[in-house]
Amino acid sequence: MSQLGEQAEARPLTSLRPPPWLSGYRRKWLSKDVVAGLTLWALVVPEAMAYASIAGVPPQFGLYAVPLAVLGYAWFGGSSRLFVGPSSTVCALTATVVAPLAMAGGDDYILLTAVLSLLVGLTFIVLGLLRMGFLARLFAEPVLDGFIVGLGLFIAVGQLPKLVGLEKPEGNTVQQLGGLLREVGSWGVASLVLGLGALAVLFLLERVAPKVPASLVVVVVSILLVPALSLEEKGVAVVGEIPAGFAFVPWSGLTVDHVLALVPGALTVVIVAFAESLAVVKAYAAKDGTTVDANRELLAYGAASVGSGVLQGFPPAGSLSKSAAAESSGSKSPLAFVATAVLVVLTVLLLTGVFATLPEPVLGAIVIHAVAGTIRPRPIWRLRQIRVPDFWLALSAFLGVVLIDVTAGIIIGLVLSLVLLLQRLGQPHVALLGRHPDRGFVDIEAFPEAVGVPGALVVRVDGPLVFANVDPVIEQLRHDIRASRPQPDLLVLDFEATYEIDVTAATVLARFLDDVQAAGVEVLFAAVHTRVREYASRLSLESLAGMKSAYPSVADALTDRQRR
């Protein structure tokens with residue numbers, strides 16, 4: 001697997017040639033891939049139908065979202081381990097984007113969902129061609145932690161009405177939960193018993209028989225129970241008749257206004273789907289000892305999302321659980337995923353009639369079971385012991401999802417991530433350096449045993465020098481010079497941690513150094529990166545001329561000074 005991944009890295013970004021895993025395929029893998037594909041099919045079919053309810057479309061459109069999405073990533077993707085298909089996270093986002101524009105489940109809603117998938121795919125492709133893979137870093141990790149926990153709760157609460165046989169209440173997650181509790185006297189007993197029973201079986205099989213496709217088991221058993229126990233007559237809602245084959249909604253109802261209304265939401269889906277999918281790819285790359293080409297991943301996710309949209313499915317994303325299931329089932333290559341896609345097509349063509357009596361409470365139970373693992377407050381609370389600002393980031397994203405909606409949670413998370421980034425960039429640490437008996441020159445604050453150099457002030461700026469932070473850095477340097485006793489006659493600037501400098505910062509730094517030198521303090525530079533040195537030389541600022549002949553290290557600068 002790792003060799004295939006390494007080959008993928010060398011493949012041209014826009015290549016349409018067969019992927020490395022296919023050209024290097026071994027015939028002896030075929031039986032294992034087919035078995036893994038069959039196992040994955042047993043997981044994907046019930047979950048795809050259940051996730052369709054999260055997205056707000058009929059169950060069959062969850063199946064439509066699988067085949068071309070799987071094939072798109074398998075052909076263009078850089079990871080031979082990643083399964084791309086229906087995602088509870090992205091389905092919840094899809095509903096948030098489309099719901100204000102059309103009634104859930106209707107033809108217009110289905111069409112808009114498909115258009116959203118196409119827009120998401122095209123956006124991915126454009127970003128990939130522009131090599132904007134760095135966008136995955138827009139979300140700070142604490143924000144993702146809080147967002148995922150909040151989203152899991154949002155999805156689970158949204159499925160509870162199915163378990164109790166009621167319509168979904170209006171409002172945010174807290175309001176929906178309150179609305180259900182106020183209607184406790186109207187809960188359908190048969191629906192509740194069936195839903196809780198399905199949940200119990202799902203969790204039990206997960207613990208005692210993890211290789212058994214628990215979702216498929218509860219689907220099959222519940223379909224048999226509906227007529228046997230006359231559950232429809234007892235108020236249990238069922239999926240109803242599902243058309244055989246691919247029953248598409250006419251595209252003729254689409255307008256330019258529809259497309260424009262979906263653009264902001266498409267960008268939101270892109271960011272979240274990219275972050276979710278890339279996290280899985282990186283996890284496997286770390287395990288295999290390979291690297292990840294984020295730009296290739298953008299193109300591959302684009303192909304997957306366009307493929308899903310062509311079949312009027314919803315936007316897909318990478319799935320850790322499905323990828324892990326394929327691996328544990330013995331898959332040797334993405335051909336296992338292709339086998340799953342083929343089996344899903346056969347299901348759509350031949351088996352949809354079987355699901356007509358599938359109970360809605362069971363679909364709700366499958367979704368709740370799928371997201372239960374994400375509803376863990378511990379990752380958020382743990383941040384409180386590590387770093388309080390990160391804790392507030394995570395909590396804000398969580399509360400944004402739960403108290404407002406999914407989009408608000410994303411926006412709050414993004415804004416706070418950028419604010420935190422600007423705050424950290426705007427206040428870089430300025431370290432006073434001293435000589436350590438074993439470590440050379442180190443931060444005196446971190447190593448109190450380090451001793452300052454008499455008559456010299458040695459400082460290091462831990463970060464880039466740019467317009468946003470140069471003023472506080474200069475103020476700190478002025479303060480350090482004034483506070484030094486005795487007053488230094490030498491200032492050594494260690495640029496080891498400063499890998500970037502812009503025009504504004506260079507100009508302000510030059511003025512400061514002019515003042516320092518006018519006061520009789522000599523200035524020496526150490527460990528200046530080539531990029532910074534070349535840029536400073538192009539500015540032709542006299543006080544920065546010393547960067548051209550900067551010393552390799554602080555120790556070299558001080559040694560040379562002593563020799564003079």
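Numbering starts at 1 and runs along the chain as it is shown here.
Glycine too: its Cβ is placed from the backbone N, Cα and C atoms.
According to TrEMBL, the transmembrane segment annotation covers 34-54 (among others).
Counting only same-chain residues 6+ beyond the ends of the transmembrane segment (60-76), those with a CB under 8 A from a CB of the stretch are 18-19, 44-45, 48-52, 82-86, 110, 113, 117, 242-243, 246-247, 296, 299-301, 303-308, 310-314, 316, 318, 334, 337-338, 340-342, 344-345, 347-348, 352. As annotated by TrEMBL, transmembrane segment applies to 60-76 (among others).
Taken from TrEMBL, the feature transmembrane segment covers 83-103 (among others).
The list of residues near the transmembrane segment (109-130) in space but at least 6 beyond its ends in sequence, with Cβ under 8 angstroms from a Cβ of it, reads 13-14, 55-58, 61, 65, 94, 97-99, 101-103, 249, 251, 253-254, 258-259, 262-263, 265-267, 269-270, 273-274, 295-299, 301-316. Summarising the annotation, TrEMBL assigns transmembrane segment to 109-130 (among others).
For the transmembrane segment (142-164), the list of distant contacts is 53-54, 88-89, 92, 173, 176-177, 180, 183, 187-188, 191-192, 195-196, 237, 272, 275, 279, 360-361, 363-365, 367-368, 371-377, 379-380, 383, 390-391, 393-402, 405-406, 409-410, 413-414, 416-417: same-chain residues at least six beyond its ends, Cβ to Cβ under 8 Å. Among the features that TrEMBL reports, transmembrane segment is placed at 142-164 (among others).
For 184-205 (among others), the entry in TrEMBL reads transmembrane segment.
The annotation transmembrane segment is assigned in TrEMBL to 212-231 (among others). Remote same-chain residues near the transmembrane segment (212-231) are listed as 39, 42-43, 45-47, 50, 190, 194, 198, 201-202, 205-206, 238, 354-355, 357-359, 362, 365-366, 369 (criterion: CB distance under 8 Å, separation of at least six residues from the stretch ends).
Only residues 6 or more beyond the boundaries of the transmembrane segment (259-281), in the same chain, are considered here, and those with a CB under 8 A from a CB of the stretch are 78-79, 82, 84, 87, 89-90, 93-94, 96-98, 101, 112, 115-116, 119-120, 123-124, 127, 135-136, 138-139, 144, 147, 292, 294, 297-298, 301, 305, 315-320, 323, 407, 410, 414. Annotation comment: TrEMBL describes 259-281 (among others) as transmembrane segment.
Marked as transmembrane segment by TrEMBL: 335-356 (among others). With a cut-off of 8 Å between Cβ atoms, the residues of this chain six or more beyond the transmembrane segment (335-356) that come close are 21-22, 25, 29-30, 32-34, 36-38, 40-41, 44-45, 48-49, 59-60, 63-64, 66-68, 70-71, 73-74, 83, 219, 223, 238-246, 326, 329.
According to TrEMBL, the transmembrane segment annotation covers 391-422 (among others).
For 446-561, the entry in TrEMBL reads domain 'STAS'.
Here the transmembrane segment (391-422) does not lie next to the transmembrane segment (34-54) in space: the count of CB pairs under 8 Å, restricted to residues six or more apart, is fewer than 3.
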